[in-house]
Amino acid sequence: MADMHYTHEMGHGGYDATESASPPPSNVLKNLTNFAGAAVSLALIAGVSVWGYKLVMRDVSGIPVVRAAEGEMRVRPENPGGQLARNTGLAVNEVAAAGEASGPVDQVTLAPRPVDLTDEDQPIPAQAVAPVQQPEPLDVAASLDAPQIDVAAALAEGNVDDLVNQLTAGVDTIDATPIDDAVAEAVLASVSAADLPEIPTPVPAVVKGPGPQTSVRPQLRPASAPETVTPAPIEVAAASQTSELEASAIPTGTRLVQLGAFDSPDIARAQWDQMQGRFGDLLRDKERIVQQAQSGGRTFYRLRAHGFADLSDARRFCSALVAEGADCIPVVTR
């Protein structure tokens, strides 16, 4: 035990000196990142400084100049595409374009034949359409002028043949056997007035027993009321009493109302009489005027009314007539 000893020399049974010491951390990536950030910051500061200097030192009063673009604005493509019209570039087109024929040409080409229509495009012939049959007009006057036929009287007198002739007048005959006399007598006998049953006259029944023999009709209430008297119709004043003025005697500037324009003075006066029957209260103090006028080579007659104080009076009169469906226009004589 005393002879044992421990050695601690390098390389003799112990750890190596290089193995016990740890290497230092690498700072290369960190240094590169710092250098890059510093460079970007310096570049940004320099750019902002230059931009600020130019912004401050620029000429504010300067006018911007717009320079025109060089070259053509629109250029036609070499191959625009599409489909060209037929028969272009021919000498015959020069007549319509220039007004005169062109000179001699090197090549002569005949015009194409016209395009023919197919059968379905051909117009329909008139014979293929069936004609429309118009109905024959009825002779109303002849039917009104035709005498009335009394069938009962003809049967009573026995004139069956005359009755048949009257009924079949103007009608095409139909193949039929004539009426036999025996048949006619049988018809007369069947419709004879003597063979008709008599209608008994109604007789009121007599009531036997207590109570009134006849029904009591109630009297009018009140019984003392007088009978109703129907008033006689009021006759409209005759048209001859209407005063009429001459149009030439009316001074210029007089207020009138025009009630219409007619083809003759008689029609105008008849229209006045008709309106007087409808609007008697309005036309009572008015005077009639029938004035001749011409327009477009046509002569007509104006129907006017006179007797208005001013324009407002004429307008109120026309408003009352227009409300009832009549024509009325305020006018002033010239």
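Using the three backbone atoms N, Cα and C, a Cβ is placed for every residue, glycine included.
Those TrEMBL annotations? Automatic predictions, nothing curated.
Within the listed segments 12-35, 60-83, 204-227, TrEMBL records region 'Disordered' for the stretch 204-227.
Averaged across the domain 'SPOR' (249-334), pLDDT in this predicted model comes to 87.
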